[in-house]
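**Student:** Structure incoming, see below.
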6 protein chains.
Amino acid sequence: MTTPDASRRADGRTPDELRPITFQRDFTTMAAGSVLVSFGQTRVLCTASVDEDVPRWMKGSGKGWVTAEYSMLPGASPERIRREVKDGKPSGRTQEIQRLIGRALRAVTDMEALGERQILLDCDVLQADGGTRTASICGAWVALHDACSRLVATGRLAANPITDACAAISVGIIDGQPRLDLPYEEDSRAEVDMNVVMTGAGGFVEVQGTAEGAPYSRAELDALLGLAEGGIATIVGMQREVVAAAPDPR
Amino acid sequence: MTTPDASRRADGRTPDELRPITFQRDFTTMAAGSVLVSFGQTRVLCTASVDEDVPRWMKGSGKGWVTAEYSMLPGASPERIRREVKDGKPSGRTQEIQRLIGRALRAVTDMEALGERQILLDCDVLQADGGTRTASICGAWVALHDACSRLVATGRLAANPITDACAAISVGIIDGQPRLDLPYEEDSRAEVDMNVVMTGAGGFVEVQGTAEGAPYSRAELDALLGLAEGGIATIVGMQREVVAAAPDPR
Amino acid sequence: MTTPDASRRADGRTPDELRPITFQRDFTTMAAGSVLVSFGQTRVLCTASVDEDVPRWMKGSGKGWVTAEYSMLPGASPERIRREVKDGKPSGRTQEIQRLIGRALRAVTDMEALGERQILLDCDVLQADGGTRTASICGAWVALHDACSRLVATGRLAANPITDACAAISVGIIDGQPRLDLPYEEDSRAEVDMNVVMTGAGGFVEVQGTAEGAPYSRAELDALLGLAEGGIATIVGMQREVVAAAPDPR
Amino acid sequence: MTTPDASRRADGRTPDELRPITFQRDFTTMAAGSVLVSFGQTRVLCTASVDEDVPRWMKGSGKGWVTAEYSMLPGASPERIRREVKDGKPSGRTQEIQRLIGRALRAVTDMEALGERQILLDCDVLQADGGTRTASICGAWVALHDACSRLVATGRLAANPITDACAAISVGIIDGQPRLDLPYEEDSRAEVDMNVVMTGAGGFVEVQGTAEGAPYSRAELDALLGLAEGGIATIVGMQREVVAAAPDPR
Amino acid sequence: MTTPDASRRADGRTPDELRPITFQRDFTTMAAGSVLVSFGQTRVLCTASVDEDVPRWMKGSGKGWVTAEYSMLPGASPERIRREVKDGKPSGRTQEIQRLIGRALRAVTDMEALGERQILLDCDVLQADGGTRTASICGAWVALHDACSRLVATGRLAANPITDACAAISVGIIDGQPRLDLPYEEDSRAEVDMNVVMTGAGGFVEVQGTAEGAPYSRAELDALLGLAEGGIATIVGMQREVVAAAPDPR
Amino acid sequence: MTTPDASRRADGRTPDELRPITFQRDFTTMAAGSVLVSFGQTRVLCTASVDEDVPRWMKGSGKGWVTAEYSMLPGASPERIRREVKDGKPSGRTQEIQRLIGRALRAVTDMEALGERQILLDCDVLQADGGTRTASICGAWVALHDACSRLVATGRLAANPITDACAAISVGIIDGQPRLDLPYEEDSRAEVDMNVVMTGAGGFVEVQGTAEGAPYSRAELDALLGLAEGGIATIVGMQREVVAAAPDPR
């Protein structure tokens with residue numbers, strides 16, 4: 001699957017190659033789940049907090065909820081990122097990402113099995129080098145799974161309500177070439193930019209593809225989906241390996 | 001293209017049939033372009049305003065800009081919609097739609113030909129019955145085209161900078177069946193919900209597909225894209241017919 | 001009542017002549033009442049929404065409430081109007097108008113007969129050419145009346161709680177001459193600007209007269225009130241004609 | 001001017017009698033003008049600040065501007081008044097009052113004589129017992145006049161640009177009787193509530209009359225205007241007496 | 001305790017001398033306690049309002065609460081102070097002061113004796129010449145004591161829950177010399193600025209010392225604390241004299 | 001320095017013993033300086049960003065500025081911390097801390113040597129176990145020093161403008177005993193809580209001591225200052241060791 005040097009990317013990867021990925025479990029120890037996920041230079045701290053005091057509209061439903069918040073630390077990029085605290089609301093981009101992460105995780109959670117409690121995933125980007133929203137989904141899934149495992153371990157849940165793995169990756173067309181897992185340098189000049197979220201079983205949860213320059217053809221769309229399917233299968237394997245062992249008791 | 005009764009939708013349409021679509025040009029007469037677009041009961045007033053006083057970051061660039069704002073009138077639905085004015089910012093949903101409309105229109109605008117001016121498209125939903133964002137794109141394109149035509153007619157532009165038509169439609173899977181142009185009744189219970197934006201030439205500008213319930217397969221994704229391609233081709237034909245004659249001088 | 005040409009206004013009207021007025025009933029069909037009212041080029045969409053879930057302070061009182069919100073669509077005037085959504089609150093002008101419309105309609109509503117429910121009138125200006133607040137009152141009264149008629153028709157109310165008609169008009173002194181129903185061109189250069197709200201029975205609900213330039217005399221004040229009384233009597237006749245027939249069932 | 005006991009008001013006044021009025025000049029000494037005005041228990045601290053750095057839109061016009069801000073101290077009434085600071089904007093009522101005060105004072109200021117500077121009047125209600133907006137206008141006029149006198153005294157202005165006195169008073173119908181200068185007890189149960197602003201020369205600057213209960217007749221309106229004219233003439237006499245002597249140098 | 005002329009301060013005081021201090025009781029008469037406190041030119045109106053409707057978290061606790069709000073009137077200083085109302089929140093400085101005043105007063109209040117009610121102290125600076133936060137504490141203590149005395153007088157409290165006096169003063173190092181009670185002229189150029197809050201019994205409630213220029217030594221810190229102890233003892237004597245006689249009934 | 005078991009704290013430390021402290025340099029690599037500082041379980045990521053585009057009021061002054069922002073990640077504590085982004089402004093506590101950090105660092109920066117540029121320190125608490133503001137100061141000083149060293153290394157500065165070390169620590173009285181470096185368990189029940197900021201040369205920059213329960217005596221205040229002086233001397237030694245070697249080039 002290697003390609004000739006000419007098509008090597010700036011960081012030496014082949015078009016269908018992921019960056020080095022790590023999941024550092026329990027990076028912090030106060031939240032119910034905590035994972036520092038890295039995709040190359042992109043690093044996101046994902047923590048899961050369990051809230052037994054569910055919102056009013058959920059009471060009596062017998063069902064739980066999973067939601068997410070996302071933020072970038074100001075020092076996460078070479079050009080400092082302004083905090084959103086003075087704006088009174090997360091930016092549209094932030095809200096869009098938060099909703100994407102929440103939808104992705106809810107797609108693999110059995111809300112009745114979770115029961116009347118809410119799990120909130122916080123994804124705080126410590127360092128940003130492209131793909132922060134997809135890395136957030138990958139890391140948050142592990143943090144969510146760990147938080148649920150601890151609910152099982154302490155007898156608050158009978159079984160883990162997470163029904164399948166869930167991972168995400170960015171793909172795009174750069175210099176006319178479809179590529180997997182874009183770092184900032186590629187993302188910022190991509191002609192087409194697509195984020196794909198899939199389950200461990202290979203179903204699509206979300207496909208969002210945007211032409212940044214010229215519109216793209218059906219054939220290009222198909223090529224990008226193929227790259228994403230391959231990358232996500234690899235990530236799902238890593239996620240499953242991480243959660244194979246139970247997390248430390250807390 | 002008709003199908004047996006069994007598969008008829010609640011409003012009598014076949015799965016691949018659009019709702020009745022109309023473009024009422026110059027519904028109001030003060031903005032540079034004004035179109036009341038209807039997709040069945042969904043009605044959106046799209047107006048285009050030309051701003052010769054461009055933002056500072058655009059000055060000296062020689063290029064123009066096209067952007068959009070979107071809002072729903074409180075009386076647009078049976079259950080009154082709260083105004084967002086007290087929130088200090090449009091909601092995340094509103095911002096997401098605004099950005100989508102803006103990106104769609106910019107994809108078919110030659111910014112250098114437009115010159116250092118900004119055209120702002122306001123899409124105000126008078127009545128909402130599903131598909132308001134895609135109807136907004138379709139109507140706003142006509143309002144934008146008319147505003148540019150008037151800039152040409154008054155000698156402020158040498159030629160119309162709109163390079164191609166641009167239209168959008170929603171598709172989705174309801175009761176296991178892929179369908180085109182969802183009204184609210186279908187949209188609210190769709191298993192998969194997808195918005196597609198394409199150019200007159202058939203290129204994709206945007207594909208956004210979300211699993212509301214179970215994840216969807218690659219085959220389902222392909223079926224939905226096919227439906228969208230057909231619907232958009234029809235709409236583009238109608239748009240071209242509307243703008244074939246020059247708008248009234250203003 | 002015609003006057004010599006010399007005193008004709010820019011649009012050909014005599015000083016005591018109203019602009020062409022129309023009430024387009026059920027312009028939209030989702031709200032309980034919906035009227036598109038026109039005073040010349042000024043066009044306002046007035047919708048009435050019934051809220052059975054009254055605010056806490058109203059519960060147990062046995063009384064209802066009528067309130068209003070007002071907004072201008074950005075494309076309503078040649079110079080685009082900025083949306084107020086980013087300000088966190090309606091502007092002072094908007095709030096002043098909202099309160100005026102609410103007070104006017106409440107003056108002719110029997111709150112005990114209405115019972116513990118709230119009717120909210122939304123007045124959205126589609127096109128602005130002066131007199132938008134007075135046109136809003138005139139149109140909102142019809143929408144309110146229709147909403148109540150439908151509550152009667154569906155058995156939720158025993159009788160219509162609207163006790164009298166209510167209409168409003170602007171008057172002012174332009175070029176030293178008292179005039180009725182000012183379009184934008186006159187309003188913007190009026191020496192004195194006055195809005196008058198009256199009931200069908202001829203009582204005053206509100207008189208607001210402001211000297212924009214030099215102060216005005218008691219005699220001028222009297223002349224303006226006389227013009228307003230005449231104009232409002234005409235509008236009330238039109239309103240009564242519109243609501244003489246019951247609205248379509250919904 | 002006394003009337004039989006039967007018609008005496010709760011505080012012993014006749015219907016056409018003002019409350020005791022005082023103007024305490026230079027109550028504070030840091031602002032260019034400072035007046036503590038009292039209408040009975042109502043006490044408002046009015047200060048005038050001169051801003052030589054005018055807003056951009058005023059630059060090069062050769063003209064000045066006069067504007068006002070209004071606020072109530074929390075302890076000004078028996079039931080503590082919530083500060084508006086957390087709301088992000090003055091309330092609609094506050095803005096309406098601020099604009100009223102500003103318009104009143106601008107009606108008697110020669111903006112060209114004032115030159116390119118802005119005078120800002122702050123009206124802070126220390127104690128509220130009805131009529132705070134009209135008391136503010138009366139006190140602010142003196143503070144404005146003093147600030148201008150000091151600009152003359154220090155040679156920054158050739159002559160005082162205030163062209164006439166300006167005063168205001170509330171009138172209303174209580175228990176069917178037209179009355180002058182309403183304290184809170186009367187204001188809160190008035191059937192009609194009217195604020196009138198006039199110049200020293202007897203011209204109307206503003207008339208705002210609202211039916212709180214039943215609509216009012218033309219005859220009632222005339223009676224209220226008559227009361228206001230009398231009261232304002234008295235107040236103007238007091239204002240002129242206060243500013244007859246030049247303020248202390250600062 | 002006098003010093004040679006050379007060390008006299010600009011206003012003629014010795015380094016350890018307080019400015020003239022007055023407490024004007026019941027300056028306004030609507031709040032439960034009202035004190036106009038002056039430290040030289042600094043004048044703060046402190047009012048105490050009793051709220052029997054405590055916040056939810058306090059209900060059933062059997063305990064009360066004391067809190068404070070602080071604000072400067074715009075005309076309080078030669079350069080007009082912008083109102084914070086447009087900011088949506090008090091500034092950080094304002095909040096810091098509000099919390100300081102609240103903590104100081106709570107340190108001398110027996111919350112169980114106060115019972116389930118809240119007393120809110122409003123400190124509005126009418127004129128600012130340095131030391132507004134410490135003057136606020138001194139004045140608010142008297143207003144709080146008076147409000148409690150009136151609760152006792154009307155039988156709502158068995159005994160006054162204020163357990164001790166509480167006063168505050170600023171000290172600082174100016175031109176290398178430790179000084180007591182800084183006016184604005186000294187405060188603005190102090191090398192070290194310290195606010196000290198103490199009880200009548202001589203205990204420290206708060207010490208906040210900041211180096212504005214060079215860091216300060218332990219010896220300097222000790223000298224400042226000594227000055228503050230002396231000044232506060234004098235103020236406490238004045239406070240006790242004011243509240244020795246019961247306030248007028250209300 | 002060990003003491004008998006009876007006086008051991010919950011974590012086994014003696015009253016005058018610091019928690020284990022580490023400075024992890026360049027924990028992230030995109031900001032000009034980046035330090036992950038730990039005081040026991042408390043971990044703060046401090047990054048320094050250089051902004052060459054100074055605020056307008058600084059232009060032409062020839063001087064620089066140092067400022068700080070502080071925030072806690074939601075998952076930093078067992079009970080999730082609400083993000084402040086929806087409040088429109090940092091909380092009063094956050095602002096107070098931000099200003100404290102900024103003042104501390106500015107006390108040891110030669111602004112003329114820094115030149116017309118701004119360095120912004122972001123202190124984001126990854127895990128909170130008491131003393132987050134003092135840990136922030138200690139870590140931010142190292143990040144600031146590194147950022148300046150890199151400005152020197154790349155020739156943008158002639159010499160490092162940091163004039164001295166700067167460190168901070170919390171002290172307090174718990175169970176009647178003065179203690180150094182309080183973890184959350186002690187901080188939350190301290191009778192007196194004090195934060196002290198000092199320079200490497202032993203001068204005080206800030207002393208903030210608050211009685212949470214009963215007021216404290218002068219002797220107790222002296223004991224707390226002594227503990228702080230000892231702890232800060234140790235921390236300064238560690239800071240100096242970290243910056244003794246130049247940071248890696250970036």
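Heads up, the Cβ atoms here are built off N, Cα and C, so glycines get one too.
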**Student:** If TrEMBL says C:G131, C:T132, C:R133 bind phosphate, which of C:R82, C:R83, C:R93 does it name for the same site?
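**Tutor:** When TrEMBL describes the phosphate site, the candidate it includes is C:R93.
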**Student:** Quick one: of C:R93, C:G131, C:R133, which binding-site residues have a CB closer than 8 A to some CB in chain B?
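**Tutor:** It is none; no candidate comes close enough.
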**Student:** Counting across all protein chains present, how many other Cβ atoms fall within 10 Å of the Cβ of C:R93 (phosphate binding site)?
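**Tutor:** If we count other Cβ atoms within 10 Å of C:R93 (phosphate binding site), we arrive at 15.
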**Student:** For the phosphate binding residues given in the record (C:R93, C:G131, C:T132, C:R133), what is the largest pairwise C-alpha separation in angstrom?
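**Tutor:** Across C:R93, C:G131, C:T132, C:R133, the two farthest Cα atoms sit 14 Å apart.
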**Student:** Can you tell me whether DSSP puts C:R133 (phosphate binding site) in helix, strand or coil?
**Tutor:** helix
**Student:** Could you tell me the mean pLDDT over the domain 'Exoribonuclease phosphorolytic' (C:167-229), as a whole number?
**Tutor:** 95
**Student:** Test of understanding: give the count of other CB atoms lying within 10 angstroms of the CB of C:R133 (phosphate binding site).
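**Tutor:** Around the Cβ of C:R133 (phosphate binding site), 24 other Cβ atoms lie within 10 Å.
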**Student:** So, in DSSP terms, is C:R93 (phosphate binding site) helix, strand, or coil?
**Tutor:** helix
**Student:** With an 8 Å cut-off on Cβ distance to the C:R93, C:G131, C:T132, C:R133 Cβ center, who else from the chain surrounds the phosphate site?
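**Tutor:** Sorted by sequence, the hits are C:Y70, C:I97, C:V125, C:A128, C:G130, C:T134, C:A135, C:S136.
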**Student:** Please work out the helix, strand and coil residue numbers for the domain 'Exoribonuclease phosphorolytic' (C:167-229) from the DSSP assignment.
**Tutor:** 16 helix, 29 strand, 18 coil
**Student:** Relative to the Cβ of C:T132 (phosphate binding site), which residues of the same chain, six or more apart in sequence, are found under 8 Å away?
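**Tutor:** Counting only residues 6 or more apart in sequence, the Cβ neighbours of C:T132 (phosphate binding site) under 8 Å are C:T42, C:V44, C:Y70, C:M72, C:I97, C:V125.
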**Student:** Restricting to the same chain and to sequence separations of six or more, state which residues have a Cβ under 8 Å from that of C:G131 (phosphate binding site).
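**Tutor:** Listed in sequence order: C:F39, C:T42, C:I169, C:S170, C:D181, C:L182, C:P183, C:D187.
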